[in-house]
Structure formats: structure tokens, C-alpha cells
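Quick look at what Swiss-Prot annotates:
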type: REGION; residues: 1-26; note: region 'Disordered'
type: REGION; residues: 1-231; note: region 'Adenylyl-sulfate kinase'
type: BINDING; residues: Gly66, Ala67, Gly68, Lys69, Thr70, Thr71, Cys218; note: ATP 1 binding site
type: BINDING; residues: Asp93, Asn94, Ile95, Arg96, Phe105, Arg110, Gln111, Glu112, Asn113, Ile136, Ser137, Lys175, Gly190, Phe191; note: adenosine 5'-phosphosulfate binding site
type: REGION; residues: 242-653; note: region 'Sulfate adenylyltransferase'
type: BINDING; residues: Gln449, Leu450, Arg451, Asn452, Gly550, Arg551, Asp552, Pro553, Ala554, Ala592; note: ATP 2 binding site
Amino acid sequence: MLTPRDENNEGDAMPMLKKPRYSSLSGQSTNITYQEHTISREERAAAVGRHEGFRGCTIWFTGLSGAGKTTISFALERTLNKLGIPCYGLDGDNIRHGLCKNLGFSKEDRQENIRRVAEVAKLFADSGMICLAAFISPFQEDRLDARKIHESENVKFIEVHVSTTLEVCEQRDPKPSELYKKARAGQILGFTGIDSAYEPPENAEIILDAGKDGVQQCVQKVLDHLESKGLLPEQIPDVPAVRELFVSDDLTVAELLKESQNLPTVELTKVDLQWLQVLAEGWATPLSGFMRERQYLQSMHFGQLLDLKHKVAFVGEKSDDKEDSWPMMDDINQSIPIVLPISDDVKKGLEGVTRIALKYNGQVYAILSDPEIFEHRKDERVCRQFGTNDPRHPAVAQVLESGNWLLGGDVAVVQKIQFNDGLDKYRKTPNELRAIFAEKNADAVFAFQLRNPIHNGHALLMRDTREKLLAEHKNPILLLHPLGGWTKDDDVPLDIRIKQHEAVIAERVLDPEWTVLSIFPSPMMYAGPTEVQWHARSRIAAGIQHYIVGRDPAGIQKPGSPDALYETTHGAKVLSMAPGLSALHILPFRVAAYDKTAKKMSFFDTSRKEDFENISGTKMRGLARNGDTPPEGFMAPTAWEVLAGYYKSLQNSN
């Protein structure tokens, strides 16, 4: 006979973001699972002191086992932390591992368990933190005592009834524990909701129906209540949290690598690995891995992520209720799909599996769990994503040549993705960039994406942008962010571009004091206005507020024609009204050309057109190949030497 499940522990079957650790307590319940928090100590520290005013309180979540208390409270904890509000989640199972490890399951011990938790929660709240307590706490008397402990010290106590029905909770009963099943079979005695009563709150401040509403909706209801009570700051900066998919615990990494030896594998292409890097570092927050069909359809048809539910349910069908617990406060722009194509043969080998090792060049980089395989429908995809299915478009060809199926699922990344090409020092994650900007005391960050060498016209635009930002900010910082993933064969290679950018900074054409050079890991798609939304949206993860959009961004020549495939002004126009990007200040690209009178790059002046010369990329490449130099003031001399050397080497090799 198993010991009784502690009535104050949480056994939610809603998805967790980290692998749980299992109890090794001797003489205590074996039904206690340690719940890992979803935010790090560093993230907690970043929230301290960001807002004035006291907002300490305890939010007490009560409900049946499996109702969703821990899932909601931890999602709320992450959201509050993102908003700069210090908070901490107390979970019933976690408390049983420490503070209350000496307590059993008699009525007296259960009362003492709640009393201790209430006293600890009061201290957290009294320190100015928002304490989130997730406990079944089935008895009204115990919850009233917890309230009195707070209110006797004039500390706010907010009771939240997670009112998920017993039927739904039993449906969620997670394997391998299957606590409800065991309780029904008489293997667990005193289990709340089965043979022990649950007394619903009579006057809870908030009631959540987590059987009907998603995690994000529940979190929003709690936030709305906090706002109505003046417990949220009036001005909240819109700086979304970053969702990294790296496994941070070395022991867990070792366990996953050992497990991978017995798992089916999928061999990644280099482009697949680049997309895995994008996901792992958090550029595609809130995605937890390669898209499932639901998110794929949202991206392809709406250009947005509307939710993080796992399955698509037809009208009238019952959903499986699986939903990622990452908080989504609003729809998120996601104009391009992030997917993992697989072949027919690979699909056959994955039938019925629940976990898959993702490898590149024989090395395990990630474990994909809860997989979903769905049809790629490549022709439909390229027509929607690129506006053409012409295989002469290099990225269209790449899609058409890929697998007929897409593999979606959550990924746990077991190692940092590096390419050992001498450029890894420039591959900064969003969180690393945020730390750099904080160290530089940036009060504004503006980004400039490019896949070409920098001439002085580009630099003029960046300097001019900073001058304008200085009217409202003290220290705006430039994120010079060249695209570092796959590009078409005739583009300048990444290593040459980085050397050229280094030379521009070394000559102080761009001031190193306010310029941060970093590589953006995304592959290029040449999808025009569709892709430029991704380029802007992904940089929000790094903490930018301003984005410079160029002429014909992510554009390409129409196959078989000298014309551009996409209308050259549409990228900027689309960004100005794209859904989910309203918090991002879009800075239009001012046209710069070579001013023959001033002998420098200047903004084009229509009143003296004859004084300006447009030095095209074709002309620039011709000058470099022939060993000629461009006009004075077109490009920093050492930067030109890098570029000329590259084109000269191409000519020699040919």
C-alpha cells in the first residue's frame, strides 16, 4: 500500500518546462515530485529594484491535484519576473523536500504543513516580493488560518481557486505516477477528491477554470486582478523574456547523452543546425522546438503565433488539452515557419517513438520529445512563403529538394552550437547581448541587419540614426547584426564580411564605444517583406527597441529577369503595420549615394541629382576584381582592402 498523497502537493499534468527531479526521501511519500522553476537566479536578480513602490503579497492557488496550480503559478512567476517584479513560487512538492520533510500525513501534520508555508509566504510578501503558493490545501479552515497569518500583519492575501473539475484532473493523470488511477484502485488512501474531501473556497478573490481556459488566459486573469488592486507598476517596459532551450544542468546533459545512445536519430543538415541554434538561443521565443502542425499553420496562414497548444482539433472534436505553459500575453509575429523536414524513409523509422536524438556530423545536439510528423506540402509552402515556386530561386529550391514530411516537437539542446570557424566569439545569444547592453548602460538599442559589406552610406545612416535617438536618449547603442546562416553562393562569405566590418569599426567609421558587432544565426530565405518581419521580430529577443529597415530588405532578383522579385519599398511598408511589432520603432532606410562634389557618401538630394552617383554592387565587385579603388570617401580604405582581396582571390581561383 502506498503512503497517502500529500493533500498539499501538486501533481499537475499540464506541461512542465524542465525535467523534474524525483524524491529520494526515505520514510516519506513516494508520490512527491520536485518541480523545477522555469527562471534562473540571474533572471530573478535582473528583476530586483526595477520599479518603485511596495507590492508584496501572497497569491494562494488551491485546487485538486492536476488542476493546473503549479503550471499556472510558475507561468505567472515567469511573467512577473519578465515585467521586473520580484516574485517566488512555493510548490507543495518542493516544500516537502525541505521545510516540511519531517511531517507526515496525519491531519495535525497537514495543518502544520500549511501553517509553516503560510508563515514563510508572509515573510516573502513582507519583504516586498509577490509570493506564489501552489497547494491543494483542501480544507477551508486551513486556508482561513493562512489568510489570518497574513492579514494580522497587514499583508495582502489573494486566494485563487483553480476550479478544474475532477473529471478533467483524472483525464490529465500523468504517467507513470497515475495517482488518480491508484487512488481509485485503493492503492493510495486519503487522496483528495477520491476518498478525502476537497472544500472549495467560498470567497476566493479569483476563480480560474483551467479545464476550459489555457495557461495564458489564466495568467492574464491574475494579472488583471493585480492591476486592479494597484499591485502592478503603471509603466511596464515591454521587454519579453527569452526562452532558451539549452539544458543547463551538467548531470541532466549526461543523462540525455546516455539516453541518446538508445534513441532513433535524425541527421540534421547544416541549415537545420542553424535553425536549431536560432531556437536554442531564444531568437524564436516562445517556440519550444521545431513547429508542430498547429504553429506551422498559424505561421503560414496568419503570419503569427496565436497559442502554444499542441494539436489542431476540428470543430466538434475534443482537444487533447496539451499546451505549452510559456506565457503568451498576446499574439506574436511569426511570418516564417521554423520546421525540420524529413524524408519518407526517416519517417518510417520514427513511427511510434516518443523521443528522438538530433545529430549533426555524428554529434548529438538535442533530444526532441513528444514528436509530431505531418505533411510538408512543399509547393503550397513556397508559394505562400516566397510568392513563387520557381526552383531558380535558391531558397525555393532548398525547400523543394527537402523531405516530404515535417517533424515537430520540443527540443532539449545539450550543447552550445558552435562552428569552430574563428567567428564563434561573435555569436552572442539574446541574453548575452542584453548583458552587454546593460554593461554599456544603454538606454536604447537600435539594430541594423545586413548580409553585404558596409560602405560609408550604410555607416552614415547608422550615425544619423544615433544622432536622432540622442534627442530622447543618453546612450543609444547600435547592434550591428550581420546574418550568419546560409546565404546564396554569390553572396560575400560570412568570414569576409566580418573582417570587413571589423575594419569599418577599427577605422572608427562606426564608433566602437557605441557599436556591438554580433552574428545573427538565422539562415537567409530571400523572402522579401515576409522575411523582413522575422528579421525585426527576432531582434526583440536581444532587447532592441528600434530597427532600421533597408530598401528591398531580404530581396532578390526575379529569376530570369533584371527586375527585383519584390517591390523594393514593400518591406518597409509592411513592417510599419505588421501585427505583433507595434512596440518596435521602425526606422526607414534613407537613400545614400556618392556625392561627387563633396567626395563622400551623402543622403540623396533631389535638388542636385547630377552631383550624385549610385555605385551599385555590380560596379563595386568589378572595381575590386580589377584591382581598382572606389572613389574617395566611398568605403573605409582597410575595409575595401578586405573586400578587394576576396574578389581578387576569386578571380585568381577561376
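Cβ coordinates are placed from backbone N, Cα and C, and glycine is handled just like the others.
Distribution of Swiss-Prot features across the structure.
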residue: Gly66; record: ATP 1 binding site; DSSP (3 states): coil
residue: Thr71; record: ATP 1 binding site; DSSP (3 states): helix
residue: Asn113; record: adenosine 5'-phosphosulfate binding site; DSSP (3 states): helix
residue: Cys218; record: ATP 1 binding site; DSSP (3 states): helix
residue: Gln449; record: ATP 2 binding site; DSSP (3 states): strand
residue: Gly550; record: ATP 2 binding site; DSSP (3 states): coil
**Message:** Taking every protein chain in this structure into account, which of the binding-site residues Lys69, Arg451 has the most other Cβ atoms within 10 Å of its Cβ?
**Reply:** Lys69
**Fill in**
Row Thr71 (ATP 1 binding site), column other C-beta within 10 angstroms, all chains, value 28
**Neighbours of Ile95 (adenosine 5'-phosphosulfate binding site) among the binding-site residues Gly66, Thr70, Gln449 (Cα to Cα, within 10 Å)** = none
**Complete:** Simplified DSSP label at Ser137 (adenosine 5'-phosphosulfate binding site) comes out coil
**Request:** Averaged across the region 'Adenylyl-sulfate kinase' (1-231), what pLDDT does the model get? Just tell me the whole number, please.
**Result:** 79
**Complete:** Expressed in angstrom and rounded to a whole number, the ATP 2 site built from Gln449, Leu450, Arg451, Asn452, Gly550, Arg551, Asp552, Pro553, Ala554, Ala592 spans a maximum Cα-Cα distance of 19
**Item:** Integer Cα-Cα distance in angstrom, Gln449 (ATP 2 binding site) to Asn113 (adenosine 5'-phosphosulfate binding site)
**Value:** 55
**Request:** Just jot down the residues in the same chain as Asp552 (ATP 2 binding site), at least 6 apart in sequence, with C-beta under 8 A of its C-beta; none if empty.
**Result:** Gly528, Ala564, Tyr566, Thr568, Gly571
**Request:** Report the nearest neighbour of Cys218 (ATP 1 binding site) in space among the binding-site residues Gln111, Ser137, Gly190, Arg451, Gly550, comparing Cα positions.
**Result:** Ser137
**Request:** Rounded to the nearest Å, what's the C-alpha distance separating Thr71 (ATP 1 binding site) and Asp93 (adenosine 5'-phosphosulfate binding site)? Just drop the number here, would you?
**Result:** 13
**Request:** Can you figure out which of Gln111, Ser137, Arg451, Ala554 (the binding-site residues) comes closest in space to Lys69 (ATP 1 binding site), comparing Cα atoms?
**Result:** Ser137
**Message:** I'd like to confirm something. Which of the binding-site residues, Gln111, Ser137, Arg451, Ala554, has a Cα closest to the Cα of Gly68 (ATP 1 binding site)?
**Reply:** Ser137
